[in-house]
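According to TrEMBL, the feature transmembrane segment maps to 117-141, 182-210, 217-236, 248-270, 277-298, 343-362, 374-395, 407-430, 442-465.
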Amino acid sequence: MLRSLEMLCQRYYFQMYYDDLPLWGFLGMVDRESKSDPSEYKYLLFKHIHFDIFHNNDRVIEINVQTDPNVAVDITEDKEVDVKFSYSVTWKETKIPFESRMEKYSKSSSMPQHLEIHWFSIINSCVTVLLLTGFLATILMRVLKNDFIKYSHDEESLEDQEETGWKYIHGDVFRFPENKSLFSAVLGSGTQLLAIAIFIFILALVGVFYPYNRGALFTALVVIYALTSGIAGYTATSTYLQLEGTNWIGNLVLTGCLFCGPLFLTFCFLNTVAIIYSATAALPIGTILVILLIWTLVTSPLLVLGGLAGKNSKTEFQAPCRTTKYPREIPSLPWYRGTIPQMAMAGFLPFSAIYIELYYIFASVWGHKIYTIYSILFIIFIILIIVTAFITVALTYFQLTVEDHQWWWRSVLCGGSTGVFIFGYCLYYYHARSDMSGFMQTSFFFGYMACICYGFFLMLGMVGFRASLLFVRHIYRSIKCE
C-alpha cells in the first residue's frame with residue numbers, strides 16, 4: 001500500500017497502445033484541496049477509464065483516454081481494498097484520412113520551442129564540423145605541404161641524411177596489425193551496422209513504416225540485420241584475406257558472433273528477468289523461435305555467402321610502400337600519447353555534436369515522448385560520421401609524426417570511443433533525468449543501452465579506420481618510398 005501511495009505522489013502514469021496509437025493516463029491523484037497538512041491528504045486510485053475512439057470507416061484514426069476523479073477509490077488508509085476496474089468506449093466518426101492520423105503526434109515534436117532546440121543542436125554540430133574542417137585544412141594540410149617540400153628537398157640534396165617524422169616509418173606503417181581475425185570481424189560488423197542505420201533512416205524518411213511504432217521498428221531491425229549479414233561476411237573475409245589470414249572460416253564465425261553474441265546473451269538474461277517479474281516486456285516463446293529461425297535460415301546462410309564472395313574476390317591490399325622484415329622500435333612517448341588519452345580526445349568532439357539530440361532520443365525510447373523529426377536526426381547522424389572521420393584522421397597523423405606506426409587498432413579505438421561517451425551519458429541520464437528504479441528497470445536500461453553503445457563502438461570504429469586508411473595511403477603515395 002505504501003508503494004501505491006508513493007506512485008500517486010510521484011504522478012505515475014500508464015501507457016498503452018491501441019492499433020499502434022499510444023495513449024497515456026494517470027493512475028490516480030492526490031486530493032490536497034484546502035488541506036495544508038500532508039497527513040490529511042486523500043489518495044485516490046482511478047478505477048474507471050473511458051476511451052474516445054475516432055474512426056474513418058473501418059480504420060482507427062485517433063484515441064483519447066479520460067479518467068474520472070468522481071469514480072475513484074480512496075486508498076489513504078493502510079489496508080487491503082477490493083477494487084473492480086472497468087472501462088467504457090465511445091466510437092465517433094471522423095473524416096481525417098488514415099494517412100494523416102500521426103500528424104497529431106508529429107506536431108508535439110515540431111512545436112516552436114522544440115524545433116528551436118533541435119535547430120540549435122544542428123547549428124552546434126555544424127559549427128563543430130566547420131571548426132574541425134578548418135583545423136584540418138589550415139593546420140594539417142599546411143604541415144603536410146611543408147613535409148612534402150622538406151622530404152622532396154632532402155631526396156634531391158642529401159640522400160644519406162637521416163629521415164625523421166612520419167616518412168621515417170614508411171617501412172612499418174603498412175605492417176598488418178595483431179589479431180587479424182578480430183580486426184577484420186570488427187570492420188565487417190561495423191560495416192553491417194552502418195548499412196542497417198542507413199536503411200532504417202531511409203525507411204523512416206520515406207514513410208514506409210512508422211518508426212514511433214516500436215513493434216514495427218524492432219521488426220525492421222531484425223529483418224534488416226538478417227538481410228545485411230552478407231555485407232559483414234564479405235567485408236570481414238575480404239579484409240582478413242588481404243591481411244594474409246589463413247583461417248577465413250573461423251573469421252567468419254567470429255564475425256557472426258561479434259555483435260549478435262553479446263546481444264543474444266543480454267536478451268536471454270533480460271527476458272528471464274521480465275518473466276520472473278511477470279512483465280509484459282517478456283517476449284513469448286513463439287516470437288523467440290521465429291527470431292532463431294530467421295537467424296538460422298536467413299542470417300547464417302547470407303553470412304556464409306558473403307564470406308564466399310569475399311574469398312573469391314581475391315583483392316590484394318594496396319600499400320604504397322614496401323614493408324620491412326623487422327619492425328622499428330617505437331620511441332618513448334609522453335602519457336597523453338597513450339591509447340586512453342587519445343580515445344578521450346577522439347570521442348569528445350563527436351559526442352559534443354550529438355549530446356543535445358540524445359536527450360530527446362532517450363526520452364522517446366525510455367520515456368513517454370514521441371520522436372518524429374527524423375530529417376534532423378539523419379543530419380545529426382551524417383555530422384557524427386564526418387566528425388568521427390576527421391578527428392580520427394587528425395589523431396592518426398599526429399601519431400605517425402612521433403614515429404608510432406601502430407595506428408591500425410588505435411584508429412578503431414579512437415573512432416569507436418564515442419560509444420563509450422554515450423554510455424557515460426546513460427549513467428547521467430539514469431541518475432539525473434529519469435525516475436527509473438528497481439532491478440528490472442535498471443537491468444533493462446543498462447543492458448540494452450550497453451548493446452547499443454557497443455554497436456556504435458563497432459560502427460564508428462570502422463568509420464575511423466577507413467578514413468585513416470585513405471589518409472595514410474594518400475600521404476605515403478605522395479612521397480618517394482624506397
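Numbering starts at 1 and runs along the chain as it is shown here.
Note: Cβ is positioned from N, Cα and C throughout, glycine not excepted.
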Query: Does the transmembrane segment (374-395) come near the transmembrane segment (248-270), with 3+ Cβ pairs under 8 Å (pairs 6 or more apart)?
result: no
Per the Cβ filter (under 8 Å) with a sequence gap of at least 6 from its ends, the transmembrane segment (248-270) is approached by 181-182, 184-186, 188-189, 192-193, 225, 229, 232-233, 236-237, 240-241, 295, 299-300, 303-304, 307, 311, 443-444, 447-448, 450-451, 454-455, 458
Across 182-210, 343-362, 407-430, 442-465, the most C-beta pairs under 8 Å with the transmembrane segment (217-236) come from 182-210
Beyond a gap of at least 6 residues from its ends, the CB atoms lying under 8 Å from the transmembrane segment (277-298) belong to 222-223, 226-227, 229, 260, 271, 440, 444
